[in-house]
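Q: Features from Swiss-Prot:
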MOD_RES   Tyr63  phosphotyrosine
MOTIF     69-86  motif 'Bipartite nuclear localization signal'
MOD_RES   Tyr92  phosphotyrosine
MOD_RES   Tyr111  phosphotyrosine
DOMAIN    111-431  domain 'Protein kinase'
MOD_RES   Tyr129  phosphotyrosine
MOD_RES   Tyr171  phosphotyrosine
ACT_SITE  Asp239  active site, proton acceptor
MOD_RES   Tyr271  phosphotyrosine
MOD_RES   Tyr273  phosphotyrosine
MOD_RES   Tyr401  phosphotyrosine
COMPBIAS  438-477  compositional bias 'Low complexity'
REGION    480-520  region 'Interaction with RANBP9'
COMPBIAS  552-562  compositional bias 'Pro residues'
COMPBIAS  574-585  compositional bias 'Pro residues'
Amino acid sequence: MAVPPGHGPFSGFPGPQEHTQVLPDVRLLPRRLPLAFRDAASAPLRKLSVDLIKTYKHINEVYYAKKKRRAQQAPPQDSSTKKEKKVLNHGYDDDNHDYIVRSGERWLERYEIDSLIGKGSFGQVVKAYDHQTQELVAIKIIKNKKAFLNQAQIELRLLELMNQHDTEMKYYIVHLKRHFMFRNHLCLVFELLSYNLYDLLRNTHFRGVSLNLTRKLAQQLCTALLFLATPELSIIHCDLKPENILLCNPKRSAIKIVDFGSSCQLGQRIYQYIQSRFYRSPEVLLGTPYDLAIDMWSLGCILVEMHTGEPLFSGSNEVDQMSRIVEVLGIPPAPMLEQAPKARKYFERLPGGGWTLRRTKELRKDYQGPGTRRLQEVLGVQTGGPGGRRAGEPGHSPADYLRFQDLVLRMLEYEPAARISPLGALQHGFFRRTADEATNTGPAGSSASTSPAPLDTCPSSSTASSISSSGGSSGSSNDNRAYRYSNRYCGGPGPPITDCEMNSPQVLPSQPLRPWAGGDVPHKTHQAPISASTLPGTGAQLPPLPRCLGRPPSPTSPPPPELMDVSLVGSPPDCSPPPPAPAPQHPAASALRTRMTGGRPPLPPPDDPATLGPRLGLHGVPQSTAASS
């Protein structure tokens, strides 16, 4: 019995008579398919199997590109506009325990919130108007979380302690005006400052500022560290970096240190993982006890960065950070490594004694070896400054660079006990030019620097639009910094051009400070006091400790009467500090220094510039050139 076509077990297949009708349809099928399906590499099956990782990456790129465009179109000045789940703290906090800032909101019938100007791991910083004092302030709003509140209370205690010992606000520390609790958030009210030093570097396209401006910044920072090191304070900042050093005014070189959120007092250390990586000291990397000297290490790194435009040690991780330090300074002393708990993370013993850097996966491939990257080459001591950019400029002679190099090397001593102290740094020959300027007898304003300003002239507009926070930049990560430096020529706009090279802070007399609680450099501690503040080997006078006024002085006229120091009335004041009284040695610091020095001979005193060349390994610097300033 014949089975009709289209029936039976194989009825799904075309019969012989239908075969000829199907073939044309099959031939036409590719024409009907979408163009995207014709490429095997773009087929959905391949995208969801073999190329699944590529598919996810593409989705992420598209998502974050759209997110970035939205962020650029609507600047986040008001955190209430963000799509956050407002379910915490009765709807006042977001999912990250940060207060939801609303522009125009009024707190305590006193503070009118203007905008959000900074955010960090601690919380947020807003700009606000104080209707009671009729001034703009910066309010640091701590996260509504117990751990952050506890740490902020330590910061509050240290800030109040510093305020008690710096009632005239002349030691370059940010001034805490008051504090209060608002909707379960601790709020710290600070004076409103301007841009930070990283913004200043970005404004130079990361080519660095002049040696003259670097000197002014260094003198203020050394004075601030000397203040923090007084026995009554003994405060370790623990996170000194360009982002935490702010200009008081965008047209002046007066600065203040901010963000004491990671700080502690000597003998009350809480954390082992401190300092931002680029500025982290060897003792912190190695896990040995640390003291106030870690801030001096950070300062040495900052000064080099401010002049060259790039970090001296820009490690991508701790192993890379140590390798970059070794490239410049060599292997740390053996006694220091033998006592370090984390020494074998970076180093290994040699069979015949001594230490060498471990070859690990984290060690970068272009590592050259100990001492192969000399500081004199980084600074361009004999080649006209970094990249030869300062060749022929006044104030950038080989003698100036020799003094600067010697000061930095003393700040970057491996052993904390051998590292120069703030008092020793202020007495260094690098500041002799500042002393000469301070004795200038010309008309008002003639004491301004004669060094040309690489930032050129000046400035425009106010600072209200892009003010940095007084809260600083908390945290110990440099990942974002590394990204910004690797893309430094493609970044956003910096602060407006300033003339802070030409306008130094008013130099006024101040009460002398005792040496830091941890003791001075060995050759300073056991010498007779220096009379009349004369710099050894130079005959120059030690400059009076500079002062940061609440309102910057005009470069061509004396400050107004309300800013004049009463000691200026009458005869010129005596700016020479009396011989410092011996500071009591803190037991922890004394034990640390005894353990770390290991019988090491003391450093020689700062030499005359004419003798610095041979001692630093430089040759060919004529005596007449080295002796000139």
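Note that the numbers count up from 1, one per residue, in the order the chain is shown.
Quick reminder: no glycine exception, Cβ is built from N, Cα and C everywhere.
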Q: Using DSSP, would you call Tyr171 (phosphotyrosine) helix, strand or coil?
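A: DSSP call for Tyr171 (phosphotyrosine): coil, neither helix nor strand.
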Q: Considering only the recorded positions Tyr63, Asp239, Tyr271, Tyr273, which residue has the minimal Cα-Cα separation from Tyr92 (phosphotyrosine)?
A: Tyr63
Q: Do you know which of the modified residues Tyr92, Tyr111, Tyr271, Tyr273, Tyr401 has the most other C-beta atoms within 10 angstroms of its C-beta?
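A: For the modified residues Tyr92, Tyr111, Tyr271, Tyr273, Tyr401, the Cβ with the most other Cβ atoms within 10 Å is Tyr401.
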Q: Quick check for the class: what is the C-alpha distance, in angstrom and rounded, between Tyr63 (phosphotyrosine) and Tyr273 (phosphotyrosine)?
A: 34
Q: Report, in whole Å, the straight Cα-to-Cα distance of Tyr401 (phosphotyrosine) from Tyr171 (phosphotyrosine).
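A: With distance taken Cα to Cα, Tyr401 (phosphotyrosine) is 27 Å from Tyr171 (phosphotyrosine).
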Q: Would you mind giving the whole-number mean pLDDT across the motif 'Bipartite nuclear localization signal' (69-86)?
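A: On average, pLDDT over the motif 'Bipartite nuclear localization signal' (69-86) sits at 61.
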Q: In the structure shown, with every protein chain counted, which of the modified residues Tyr63, Tyr129, Tyr171 has the densest set of Cβ atoms within 10 angstroms of its Cβ?
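A: Answer returned by the neighbour count: Tyr171.
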Q: Would you mind reading off the Cα separation of Asp239 (active site, proton acceptor) from Tyr273 (phosphotyrosine), to the nearest angstrom?
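A: So the Cα of Tyr273 (phosphotyrosine) lies 11 Å away from that of Asp239 (active site, proton acceptor).
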Q: May I ask you to report the DSSP-based helix, strand or coil state of Tyr111 (phosphotyrosine)?
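A: Looking at the DSSP assignment, Tyr111 (phosphotyrosine) belongs to a strand.
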Q: Could you round the CA separation between Tyr401 (phosphotyrosine) and Tyr273 (phosphotyrosine) to a whole angstrom and send it over?
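A: Rounded to the nearest whole number, the Cα-Cα distance is 34 Å.
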Q: If you draw a 10 Å sphere around the Cβ of the residue listed as 'active site, proton acceptor', how many other Cβ atoms fall inside it, taking every protein chain shown into account?
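A: Around the residue listed as 'active site, proton acceptor', other Cβ atoms within 10 Å: 27.
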Q: If one measures from the C-alpha of Tyr129 (phosphotyrosine) to the C-alpha of Tyr111 (phosphotyrosine), what distance in angstrom results, rounded to a whole number?
A: 6
